[in-house]
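Enquirer: My questions all concern the structure below.
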Amino acid sequence: MIKLTGVEKKYGRKSILNGITFEADKGQITCLIGINGAGKTTILQAIMGLTPYQKGEITIDGEKLSPAVMEKVTYIPDAMTLLPKMRIKDAFQFMSDFYQNWNGKRAKEILEFFKLQEDERISQLSKGNTAKVNLLMGLAMDADYILMDEPFSGIDIFSREQIADVFSSHLVEDRGVIITTHEISDIEHLIDKAVLLADGVVRKEFMTEQVREEESKSVIDVMREVYKG
Amino acid sequence: MKLFGKLVNFEFMRFLPIYITLLVIVFLIEAASVIFYAFMVKSEITESIVKHGLSKEQFLQDNGYASMVNILSSFIFSLPVVIAAVTIFIYILFIWYRDWLGKNTFIYRLLMLPVKRIQLFFSKGATILMLVFGLVAFQVAILPVLQVILKLVIPVDYRLDLTTQGMIRSLYYLRFLLPENFIDFIINYGFGIAFVILLFTMILIERSYRFRGVFMAVFYGIGALILVFSPYILQVIMKDYFFDNELLWMQFAIAIILSIISVFLSNHLLNKKIRV
Amino acid sequence: MAIHFDKREAVYIQVIRYFKEQIAIGELKSGQEIPSRRELAQQLKINPNTVQRAYKEMEEEGLIYTDGNKPSIVTEEKKRIKEIRESLITEAIDQFVDRITSLQIPKEQVFELVQSKLNEPGREGEEKHD
């Protein structure tokens, strides 16, 4: 379980996170929803220790961030973080050099699924393919948790469909997934839990099937209540 | 430890294209200056002996033997060394900033590697050290090659050949980088390493606190320099109480203490303060 | 296999209803293998945990049966299948009667309207199942 308790972050005088508390379980897809600037990306970065926070605590299966946790959690940012002159296969080599949990067989499998070539250079990839390679680098790790930042932003409809398919596939089976988005409609039925954010606080945390079953509300109905009500 | 080796290798390979270019440039400039010198001396010999009918002994009395010493101590030979030093210095900064700058921010990948983050610090430092050692080794290795050029142009009677050892002694920078005394070696590289650690720490302060960090880093850097040179202030106050080498050892001790503090500070910044 | 999901109703309930309908109209036959949880999640583009829950409920209701690691199959109990059909019909009629009652339409008129609706061309095919 990834657990955030009262995480606060200020940048200068500006508050970015004002006491974020939520949990993301293994075996579930947790979706952080909020408009841009709500602090979604910052939360994922804070989990990975890529940005400092002043108060609160983040634990992964009860542990604080450590080198071992980096094998356990993999973060897929919404920007390319591989070197431009690398070929996809060089990136694979880099990952297999450093991570015990890198699953080369699965990397090849996903490469095929996305119809990418391992000789392609990172700098030559289209926007859609960049998103796919990013996803691939994360999914090919035998990690317990995957954090994905806006996997659907700014890419074409077919890439979106392919990426959405990943969520119901064996690729995320039994893993804990945290995904951020400002656009829920593509994945409304794919997520287990929704965490609604605004201005650096969690406005509501709920299981999607539960609000459908007990309150006959769609995820968007709940969002409307929270953000407009 | 295995991962540390891979990190160093990775960092080294990233700089390799520029590094090889640098080595080639160093060699070309040095070779060109040797060739220029050799032909200049040759034409002097020709002029004196053939045109003016001077004897060999007279010529040597006026001009001395043609030797690598003359080139190694000339201004033109400083140029490649300065180019190399500036390149390495820029790379001490760039080795960090390149991971943040540009469209693809590689620092994400580095910070998420399953290694202690201070290892990134040490791997980059080790890479710089390797680059320096590599340059020194390259310089030493090409000295005999350069002398061969001289041998091909100037007849043996007009030449004074040097051993590699002799050439190293003649090149001021190499005398500094490859001192014959082991203690000097330790002190020279100790100060060098301390300097790199200080710069790295200043970079990490800036990368952690960004705009505010620029001032903090400058403050830290100036503070460190003042501390390192504080023995001289003490010397003035104490009216030349210490011997020169006592002052040096004091400076050395301060540099080591500052380096240790810097490494701990960097470790803290990398773990708690760094931002992508 | 495709379901048009109502976004305001629990997905697992909709999956169960879909299976009941398929069993009732004979599209899924007694003893027939059904897709694995993962396959169904992929086909319907829904969360595998939701499918898992639907399958668990269906198993408890005796709609499907799983023997060890083999794929789940539709129940072989004829009686259960008949019950499913009947419960679906009852459910549909209940809903219909509820609505009609609230509209306060005379019985005769209801029968007449139902009759003519069912006799509309193009209804024949569907009628066979019911």
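Each Cβ is built from the backbone N, Cα and C atoms, and glycine gets one as well.
Take a look at what TrEMBL says about it:
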TRANSMEM  B:12-39  transmembrane segment
TRANSMEM  B:75-97  transmembrane segment
TRANSMEM  B:118-142  transmembrane segment
TRANSMEM  B:186-205  transmembrane segment
TRANSMEM  B:217-237  transmembrane segment
TRANSMEM  B:249-270  transmembrane segment
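Describe the structural surroundings of these features, if you would.
Expert: Outside the transmembrane segment (B:12-39) by six or more residues, the chain places 66, 68, 70-71, 74, 76-77, 79-81, 83-84, 87, 91, 95, 98, 127, 130-131, 134-135, 138-139, 142, 145-146, 149-150, 152-154 with a CB less than 8 A from a CB of the stretch.
Long-range contacts of the transmembrane segment (B:75-97) within its own chain (CB-CB distance under 8 A, at least 6 residues past either end) are made by residues 11, 15, 18, 22, 25-26, 29-30, 33, 36, 124, 127-128, 131-132, 135, 171, 173, 196, 199-200, 203-204, 207.
Away from its own ends, the transmembrane segment (B:217-237) comes close to residues 198-199, 201-203, 205-206, 247, 250-251, 254-255, 258, 262 of its chain (Cβ-Cβ under 8 Å, at least six residues beyond either end).
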Enquirer: Would you mind listing the long-range same-chain contacts of the transmembrane segment (B:118-142), meaning Cβ under 8 Å and 6+ residues beyond its ends?
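Expert: Same-chain contacts beyond the flanks: 3-4, 7-8, 10-12, 15, 19, 22-23, 26-27, 30, 84, 88, 91-92, 95-96, 110-111, 164, 168, 171, 174, 177-178, 192-193, 196-197, 200, 204, 263, 266-267, 270.
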Enquirer: Restricting to the same chain and to residues at least six past its boundaries, which positions have a Cβ under 8 Å from a Cβ of the transmembrane segment (B:249-270)?
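Expert: Those are 111, 117-118, 120-121, 187, 190-191, 193-194, 197-198, 200-201, 204-205, 207-208, 224, 227-231, 234, 242, in sequence order.
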Enquirer: Determine which residues of the chain contact the transmembrane segment (B:186-205) at the Cβ level, with the cut-off under 8 Å and only residues 6 or more beyond its ends counted.
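Expert: Cβ under 8 Å, 6 or more out: 92-93, 96-97, 121, 124-125, 128-129, 132, 176-177, 179, 213, 216-218, 220-221, 224, 248, 251-252, 255-256, 258-259, 262-263, 265-266, 269-270, 274.
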